[in-house]
Amino acid sequence: MAVAVRVIPCLDVDAGRVVKGVNFEGLRDAGDPVELAHRYDNGGADELTFLDVTASSGNRETTFDVVRRTAEEVFIPLTVGGGVRGVAEVDKLLRFGADKASINTAAVARPDVIDEITRHFGSQVLVLSVDARRTREGDQPTSSGFEVTTHGGRTGTGIDAVAWAKEAADRGVGEILLNSIDADGTKDGFDLELIRLVRAAVNIPIIASGGAGVPAHFPPAVEAGADAVLAASVFHFGPDDMIAQVKTAIRDAGFEVR
């Protein structure tokens, strides 16, 4: 039987509050993270992802207190990212109640950190977040046409996004959180080309992120190769039964959901 597609609300947190902007700019307050996490748990979410959107840029530590309070309220897997630099942060997150840690900027700066974390805790604990954007005129071209960015999409690296996902998979990362910076917050749908390219390169689960606006946007991402689908504003600002609507759309397209 096919593995069920996971539906994952994402909580972007800044100073203890959930926010959501378009293309990571102009953040808007979407509420209390613990309250929202509780709502999503009750609403049928399969997992939650919690990203401290200021941690890497402002070099601040992840808000461990919010993680602890969230973990006390929800009983579905919780992935936490933002400011994760190595074994010490992952250890602390797990102790505060996270199930998985997501790493981005620190892994780009020092890929060996992937090996260190997976050796210490196992692959299942580590998610590599890849903030990919299409290369633009004047950028260093990449063979896939997508480059890795860091610091919430603000800094281009010139690293090929598909090659980076493959390297991380080879190093033992458990899954890839594949976020399209171009599609993020637009509500125009996922970047299907990006998903297809990474799916062809790796054998580990892919969580598609960036661009969801309506339930109909989710099945094409699964068809393109995503094992899980992640979104923020469509859940934060949509009707209370949005997770159920998304699962119905995926099920109606012929895919298994939980």
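The backbone N, Cα and C atoms fix where each Cβ goes, glycine too.
Here the structure is a predicted model, which means the values were calculated and not measured.
These come from Swiss-Prot:
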| type | residues | note |
| --- | --- | --- |
| ACT_SITE | ASP12 | active site |
| ACT_SITE | ASP131 | active site |
Inset, instruction - Indicate the candidate from ASP12, ASP131 with the smallest number of other Cβ atoms within 10 Å of its Cβ, considering only these active-site residues. - result: ASP12
Legend entry - Secondary structure of ASP12 (active site) (DSSP, helix/strand/coil): strand
Inset, instruction - Taking only the Cα atoms, work out how far ASP131 (active site) lies from ASP12 (active site), in Å, as a whole number. - result: 14
